[in-house]
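For reference, the structure discussed in these notes is given below.
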Amino acid sequence: MKDLLNLFNQQRQTLDFDAIKIALASPDLIRSWSYGEVKKPETINYRTFKPERDGLFCAAIFGPIKDYECLCGKYKRMKHRGVVCEKCGTEVTLAKVRRERMGHIDLASPVAHIWFLKSLPSRIGLMLDMTLRDIERVLYFEAYVVTEPGLTPLERRQLLTEEQYLTARQEYNDDFDAAMGAEAVYELLRTIDLQSEMTRLREEIASTGSETKLKRLTKRIKLIEAFLESGNRPEWMVMTVLPVLPPDLRPLVPLDGGRFATSDLNDLYRRVINRNNRLRRLLELNAPDIIVRNEKRMLQESVDALLDNGRRGRAITGTNKRPLKSLADMIKGKQGRFRQNLLGKRVDYSGRSVITVGPYLKLHQCGLPKKMALELFKPFVFAKLQRRGLATTIKAAKKLVEREEAEVWDILEEVIREHPVLLNRAPTLHRLGIQAFEPVLIEGKAIQLHPLVCTAFNADFDGDQMAVHVPLSLEAQLEARALMMSTNNILSPANGEPIIVPSQDVVLGLYYMSRALENKKGEGMVFANTSEVKRAYDNRVVELHAKVKVRITQVDVDTVDGKRTSGTSIVDTTVGRALLSEILPEGLPFQLANTEMTKKNISRLINSSYRLLGLKDTVVFADKLMYTGYAYATRAGVSIGIDDMLIPDEKKGILTEAEAEVLEIQEQYQSGLVTAGERYNKVVDIWSRTSGRIAKAMMDTIGTEKVENAKGETIDQKSMNSLYIMADSGARGSQAQIRQLAGMRGLMARPDGSIIETPIKANFREGLNVQEYFNSTHGARKGLADTALKTANSGYLTRRLVDVAQDVVITEVDCGTTEGLIMTPIVEGGDVVEPLKERVLGRVVAEDVYLPGNDEEPIVTRNTLLDEAWVAKLEDASVQSVKVRSTISCESSFGVCARCYGRDLARGHQVNIGEAVGVIAAQSIGEPGTQLTMRTFHIGGAASRAAAVDNITVKTTGSVKFNNLKSVAHASGALVAVSRSGELSVLDGHGRERERYKLPYGATITAKDGDAVKAGQAVANWDPHNHPIVSEVAGFIRFIDFVDGVTVIEKTDELTGLASREITDPKRRGAQAKELRPIVRIVDAKGNDLTIPNTDLPAQYLLPPRSIVNLQDGAAVGVGDVVAKIPQEASKTRDITGGLPRVADLFEARKPKDPAILAERSGIISFGKDTKGKQRLIIKDTDGSEHEELIPKYRQIIVFEGEHVTKGETVVDGEPSPQDILRLLGVEPLAAYLVKEIQDVYRLQGVKINDKHIEVITRQMLRKVEITDQGNSKFLNGEQVERQRVIEENARLVTRNELPAKYDPVLLGITKASLATESFISAASFQETTRVLTEAAVRGTRDNLRGLKENVIVGRLIPAGTGLAYHAGRRKASGLTDSEMETLSGKPAVAEPVATVADAGADEE
């Protein structure tokens, strides 16, 4: 009975902890764990196979080998339970205690723990304030260290060589103590008085001025504080007792043939014990010092190898020349405890097989082979057979099943009914990679999958395999049915759009049946209803594509009260669409289906169905769509042949034109009119334009055909060319691919991204010649190499993202903040890339939104969740910007609140409490990662580079508005832009912005602010190949520091006789020209300097290298004239780190190579005296204070003297560094920048991701702050702390009327942020396990198990979703608050640095 009670206690022990604390283990603690000392290196007796007494597998220490049986066999069976055999010393108990009983080794000499010594920064080194090198010299017996100077002039911790030691001994006799080896270090650590050391350091910090010293001091203070707080003692970092792992965790297994397989740990322990025993014997014999020293050093090395092999010196290898796996290796890395056994486990009740298509299945079904089902559901079948009385025992049932009797299959059917199974396809990149289905038994051996879920699984049927898992418990079945069923996952969590969308052949079928063609049989007929249409079609009276009139009955279902109203109307449609209307669910307007069913339209149809009619109807509808699509795709019989690739007749002409243009430019280049760079640029431009023209001609040829209509006129209509309908419907292929088949392949890129200027003029139908084929190989090979690299990189990015965001869970409904982000439409190059409605859909409004010019009545009030209806309302009111709540500004102390997050994208309503939004965000960003390119944006290597834009042509009629534009009026009456951030927008009649364009510096603008413009009108133009310098005043030119042949080179054009001057590169000028700075200054007629309007700065322009001046000294210039121009470099394909690496760089917050330099404050620009390699840029504040910035000469400064800049504006071109944006502009602009940059990469690949996912990750990157002024807080200046801790501490200080700490936000990359989380378990299982655990142990960190990862590792439900309720229930059941829980449990489960907790539950693999 007593044991029964014990049994339950054991079970309870594991569930009832609320935190895990890790600390240094004291020698006494290690002895208290131990069941005896291991004295001998022997393992087992090789004759009897019994463990040796006192050896590494000793039964007396670790427990019996067989259950309830002592080693010598004197006591057997349960009745002797708990007896210790007097003959062999074994306790009679269960054999599994050998998994948990530890032993110990008493070390004859102390040994430093390698983790605290070598793991940087060295903890022992910091504690003693000695360098690692010095400590190692002491430990490995190369030098003495003074442990107690006494009255001598020696210093404590001073190193002495052998000679110095002997001299000192002669000089001072025994007045001082010095020693070497770990004893010395142990002694030094033991005698440190932490309190007084702390006081001394604090005084020193106050008085010191040097940065490096301050850093070292704060590090030491933090370390000593950690020791004081955790109750660890410094001398415990040097071990005197070594714990021995329980033997069953380092097993020794006999193989056949009398050999043994053993864990490497046994070898390492054997080594330690051997050396320890030898050392003990030498000490007893009083051996000579040098021998003892050598033995001590060897002991130190063997313990080092046991704890962390290879950390110091060469790794100890076994017989097979492989390094032995030490304790540290057991827990770190992909094969370590954390990632192999705790975070990823193999599951029983699972099977895998190849998948095939199941086009007749319903969306919630999957076909499961009978063989598999029988195996998976075996226990259930056994139980049912017994209950039915078909078998008396389980054994009999087993026989029945093995014989596969007829009744077994009936029983299996019953067992399976309503019992969902989970299907999973690896790689599982997002949560839709595992979904639940109801199994349908099928013959054969392949799993059948519903075609519509292929997109979510990213599955195809070319040999993919999938795994099946059976949820066993009732709760698991419930969750599978309610949350994971494929019918519940219609919308994608990444963007809220339907993911159950027909693709490929289904789309083709639907598109084919909904196309309208001229003059088909039955055109113009009128039908009373759709069934009449069907009859006519079946009897071949009408053709599928004929245009007809049909009376359609439209039923509207009120979503609120379910009232049904129906109305009929006669609609112009086609036979196919009328047939399609039969499967539309009630309440879905027919006009949605009365179009060509391209993939986009089908997606829109399903989306509308979901929003209007809800889940159930949509699922049924999607299935019907699929069946219909397959049926009509079969009827269509679409196939492609080589004749479908029609080559346009114009191709020849267009090519001839282009070749002539190229020739002309080549001649200009040879006569010196254009530079080599310009020639290359222009040639590439001509070819990309030509390629576009041919593509357009080709699409026109393929996409239209001439037909006679019913009246006999010849008209153009969309053709039914097989290739074209595949691309047009979105079933397969794209315009870019057809272009290569039937147009011209176009420009190719080299692997480095530069474009080969000779294009491929042929297409695949004509075939490539040898040279063209060769040029193509670049792209093809690069594509393959990239794909391999990409997959690995993308997976690693996903892993980092998940790790940084894993603990972001919705924890409350509203945090009450009024902060948020201001959303405006995204406009690029004049097109609205993403309208406001798409950006704010599913967000919560942070401030009331008013109509422009009406401040009385808000259209939308604060805290409204914007759904489709609200968004439409905002659009009608032409609102241009809305402030919405964002996770970045959420003030929840742990996790985020539902209001700041907004809509749950996959469900379409406000997000539930407990949703793991962090993981969803990480998956949504990581899953499309494999679609992103590695470097370049090419289609099969074909360069996709737009021809250089050199003007603005408006696309809509409206009025012009300038934003933020500084311009001067040219004599011709046009305006010339002299600012860089200027923009031109086109507003429609309602004042709504329709287009927006950036105006480059030096652009000539032909329209005025407020002018009316017509669509197609050009409003601005500029030279795309040259960057001009524009004069802002009228006057005469004076050259300064123009020295011919030194700073400038004269060039005369043979053809025109015009002279131009090119400024040389300062690096190439001689030493005598160091001080020269070529400047163009503008003076009046008398030669006096003119000033730039509204400033007192002279009107002068510093000329950068390579700029060209076409004017002569003394020439007159007018306002807006070009003084000089700077040629632009040959442009590469838009290939500034593209794709995946760009996303990774942004999330890792890496500084770009040559970052843009931003203005540190607002003011007027001027230039000071240059230094050797730098230019001096000065920004003068309004109050007259100046800020200087030294900029390398090779960087191009894009601002001119006298220009006004605002804080955070770019002054030197480049990629801005996110840290600078945060420092100068703050958190919101940084968030906006990251979102924009990351979205640009994804948008280019056509991937849609909702902004809020990127915001969630950004929030995690901004978790930490840096203390700038500690006030009265416990933090130190320059320390990085969790923002939440500072806020809490400050709140406490304010209530006591003390000075709160001041801080700046810090941006950490995702890897750094993951390692800096509060939970050490989560950080250790991510990367750098050793470092994380070392630090945690020294600090005595306690992990409150708040995140998801920690709970998975300790084997609990995660505190998210359904697990949230479980955790709340657990707290409630104990009836305690968190803090009481902590005080009650006293010491939470303690793990010590030799990772016992991590190892105790896992078998040696």
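Glycine too: its Cβ is placed from the backbone N, Cα and C atoms.
Reduced to three states, the DSSP call for CYS72 (Zn(2+) 1 binding site) is coil. Taken from Swiss-Prot, the feature Zn(2+) 1 binding site applies to CYS70, CYS72, CYS85, CYS88.
Residue density at ASP460 (Mg(2+) binding site): 11 other Cβ atoms are found within 10 A of its Cβ, drawing on all protein chains shown. The DSSP secondary structure for ASP460 (Mg(2+) binding site) is coil. Annotation source Swiss-Prot lists Mg(2+) binding site at ASP460, ASP462, ASP464.
Sequence annotations record features per position, and here Swiss-Prot assigns Zn(2+) 2 binding site to CYS815, CYS890, CYS897, CYS900 based on sequence analysis. All protein chains included, CYS900 (Zn(2+) 2 binding site) registers 29 other Cβ atoms within 10 Å of its own Cβ.
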Inset, instruction - With CYS85 (Zn(2+) 1 binding site) as the reference Cα, tell me which of the binding-site residues ASP460, ASP464, CYS890, CYS897, CYS900 is the closest one. - result: ASP464
Legend entry - binding-site residues (CYS70, CYS72, CYS85, CYS88), the one with most neighbouring Cβ atoms at 10 Å: CYS70
Inset, instruction - Have a look at the binding-site residues CYS72, CYS815, CYS890, CYS900 and say which one has the shortest Cα distance to ASP462 (Mg(2+) binding site). - result: CYS900
Inset, instruction - Looking only at C-alpha atoms, tell me how far CYS88 (Zn(2+) 1 binding site) is from ASP464 (Mg(2+) binding site), rounded to the nearest Å. - result: 58
Inset, instruction - With an 8 Å cut-off on Cβ-Cβ distance and a minimum sequence separation of at least 6, pull the same-chain contacts of CYS890 (Zn(2+) 2 binding site), or say none. - result: CYS815, THR817, VAL896, CYS897, CYS900, TYR901, ARG1259
Legend entry - Cα-to-Cα gap, CYS72 (Zn(2+) 1 binding site) vs ASP460 (Mg(2+) binding site), nearest whole Å: 62
Inset, instruction - Starting from the Cβ centroid of CYS70, CYS72, CYS85, CYS88, which together make up the recorded Zn(2+) 1 site, report each further residue of the same chain whose Cβ lies within 8 Å of that point, ordered by sequence. - result: ALA59, LEU71, GLY73, LYS74, TYR75, LYS87, GLY89, THR90
Inset, instruction - Specify the secondary structure state of CYS88 (Zn(2+) 1 binding site) as given by DSSP, simplified to three classes. - result: coil
Inset, instruction - Round to the nearest Å and give the CA-to-CA distance linking ASP460 (Mg(2+) binding site) with CYS70 (Zn(2+) 1 binding site). - result: 59
Inset, instruction - May I have the list of same-chain residues other than ASP460, ASP462, ASP464 whose Cβ is within 8 Å of the Cβ centroid of the recorded Mg(2+) site, in sequence order? - result: ILE355, ALA459, PHE461, GLY463
Inset, instruction - State the Cα to Cα distance, in Å, between ASP464 (Mg(2+) binding site) and CYS70 (Zn(2+) 1 binding site), rounded to an integer. - result: 54
Inset, instruction - Return the single residue from the binding-site residues list (ASP462, ASP464) that has the minimum number of other CB atoms within 10 Å. - result: ASP462
Legend entry - Least buried by Cβ count (within 10 Å) of the binding-site residues CYS815, CYS897: CYS815
Legend entry - Shell of the Zn(2+) 2 site beyond CYS815, CYS890, CYS897, CYS900, same chain only (C-beta within 8 angstroms of their C-beta centre): GLU812, ASP814, THR817, ARG885, THR887, SER889, GLU891, SER892, VAL896, ALA898, ARG899, TYR901
